[in-house]
Amino acid sequence: MSESRSLAFPLRCVRDRQQAEAELQRLTRRTQTSQQKDVQGRVDVILKAVRERGDAAVCDFTERFDGFRPDPVAVPKHQLEQAWKALPENLRDALELAHRRISEFHQRQRPEDIRMEGAHGEQLGRRWRPVQRAGLYVPGGRAAYPSTVLMNAVPARVAGVEQVVICSPAGSNGQVNPVVLAAAHLAGVHTVMRIGGAQAIAAMAFGTESVPKVDVISGPGNIYVTLAKQAVYGQVGIDSLAGPSEVLVIADQSAQPEQVAADLLAQAEHDPLASSVLITTSHQLADGISSAIAQQLEDHPRREICEASLRDWGLVVVCDDLETCAQLSDSFAPEHLELLVERPEALADRIQHAGAIFLGPWSPEAVGDYLAGPNHTLPTCAAARFSGALSVETFMRHTSMIQFNRAALDATASAVCELAESEGLHSHAESVRKRLS
């Protein structure tokens with residue numbers, strides 16, 4: 001029997017529903033920091049400078065923040081293929097498997113055009129077309145996120161986007177992580193720019209001498225990237241405003257404590273602002289989860305990050321029944337929802353709001369992060385109430401098609417004119433009458 005261990009801090013645990021709802025609301029507001037106004041001011045300065053000075057401003061900010069001057073801004077195309085060929089075989093195989101599965105799933109997302117004939121022979125429809133250029137932001141520097149490359153580039157390529165551009169910050173040596181370059185090669189990305197931060201978002205939104213102006217920007221980033229995306233929305237499309245990651249685990253007495261602990265830590269290791277929540281009907285699991293977490297935290301390479309996340313944004317809730325668990329989950333609308341219960345399919349049917357649902361003990365969130373197939377770019381901070389995962393449609397737009405004939409216009413003219421006149425739009429009505437006079 002393993003020795004019982006305890007966390008260096010108490011993991012917040014509540015057993016009252018009203019208190020649980022208040023705690024979950026607190027977690028959804030964790031990005032609302034006092035620093036946000038200061039950061040927004042700095043972001044606005046960066047956006048204005050890049051809009052006015054182009055590459056020169058991008059290079060100045062990169063030199064200031066990242067310690068090198070990106071001249072040229074673009075990574076030479078041959079370096080992407082070189083990076084792919086230089087990968088260890090096991091990593092190359094893993095990326096190919098992920099790429100294949102993600103591609104197969106997203107191919108099924110391609111929307112179909114709609115065509116219908118009205119009562120008088122008029123032709124009506126909706127036509128889908130890809131955007132021309134997509135800009136993908138991939139966090140970088142000391143870390144490598146090839147999964148972010150695949151999860152953004154694959155749907156863009158499946159959509160049929162003509163030009164896919166990645167911006168990813170380089171290290172102080174001026175080099176983008178080779179695994180990111182390799183994934184970009186595999187996914188068919190056209191260009192990689194070795195720039196990051198708000199200046200990269202500005203470059204893609206406004207265009208510079210080196211960076212083409214794009215139609216849609218997708219991909220996660222820090223608060224500078226998120227606020228920059230928010231500021232340029234309307235001039236370009238964006239996927240979403242990503243906040244810190246989160247997981248909510250609903251577990252009953254059948255759940256294994258060590259698996260639950262591992263899944264909570266898998267979220268906590270992302271970021272000190274990441275949120276890990278356990279809602280359970282098992283008092284035994286609730287009482288023992290701290291010990292299971294403490295045991296796995298020993299010698300954890302990201303222990304400080306995990307502890308900060310769990311201390312500030314971790315939560316355990318004990319409920320009387322799974323119906324209450326589902327209701328509390330819906331009030332939180334988690335990015336990731338794991339159902340570690342005896343009948344996960346039945347519980348999933350009760351869930352209304354979640355970015356992604358992982359059913360049963362063999363579906364850890366990690367498989368969704370890397371290669372299950374559905375996209376891992378998901379709404380956070382309760383945005384799952386009104387939005388969903390990044391998809392092929394993120395990189396497409398639809399156009400309405402209307403072709404009336406004389407009979408259709410004859411049959412509907414009086415109603416059109418009546419409605420136009422009721423709104424005081426005389427010329428609208430006249431545009432119909434002139435065709436029939």
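Every residue, even glycine, has its Cβ placed from backbone N, Cα and C.
Taken verbatim from Swiss-Prot:
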ACT_SITE  GLU335  active site, proton acceptor
ACT_SITE  HIS336  active site, proton acceptor
BINDING   TYR137, GLN199, ASN222  NAD(+) binding site
BINDING   SER245, GLN267, HIS270, HIS336, ASP369, GLU423, HIS428  substrate binding site
BINDING   GLN267, HIS270, ASP369, HIS428  Zn(2+) binding site
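Overlay of Swiss-Prot annotations on the structure.
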{"residue": "TYR137", "record": "NAD(+) binding site", "Cβ contacts under 8 Å, 6 or more apart": "ILE166, CYS167, SER168, GLY196, ALA200, ILE201, MET204, ILE217, SER218, GLY219, PRO220, GLY221, VAL225"}
{"residue": "GLN199", "record": "NAD(+) binding site", "Cβ contacts under 8 Å, 6 or more apart": "ILE46, VAL50, ALA57, VAL58, PHE61, THR62"}
{"residue": "ASN222", "record": "NAD(+) binding site", "Cβ contacts under 8 Å, 6 or more apart": "PRO139, GLY197"}
{"residue": "GLN267", "record": "substrate binding site", "Cβ contacts under 8 Å, 6 or more apart": "SER245, GLU246, VAL247, ALA274, SER275, SER276, SER309, HIS336, GLU365"}
{"residue": "HIS270", "record": "substrate binding site", "Cβ contacts under 8 Å, 6 or more apart": "PRO244, SER245, ILE305, SER309"}
{"residue": "GLU335", "record": "active site, proton acceptor", "Cβ contacts under 8 Å, 6 or more apart": "SER245, GLU246, VAL247, ALA354, GLY355, ALA356, LEU378, PRO379, THR380, ALA384"}
{"residue": "ASP369", "record": "substrate binding site", "Cβ contacts under 8 Å, 6 or more apart": "SER147, HIS376"}
{"residue": "GLU423", "record": "substrate binding site", "Cβ contacts under 8 Å, 6 or more apart": "none"}
{"residue": "HIS428", "record": "substrate binding site", "Cβ contacts under 8 Å, 6 or more apart": "VAL416, ALA420"}
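The substrate site in the record is lined by SER245, GLN267, HIS270, HIS336, ASP369, GLU423, HIS428, and its two most distant CA atoms lie 56 Å apart. Our reading of the NAD(+) binding annotation (TYR137, GLN199, ASN222) yields a largest Cα to Cα distance of 13 angstrom.
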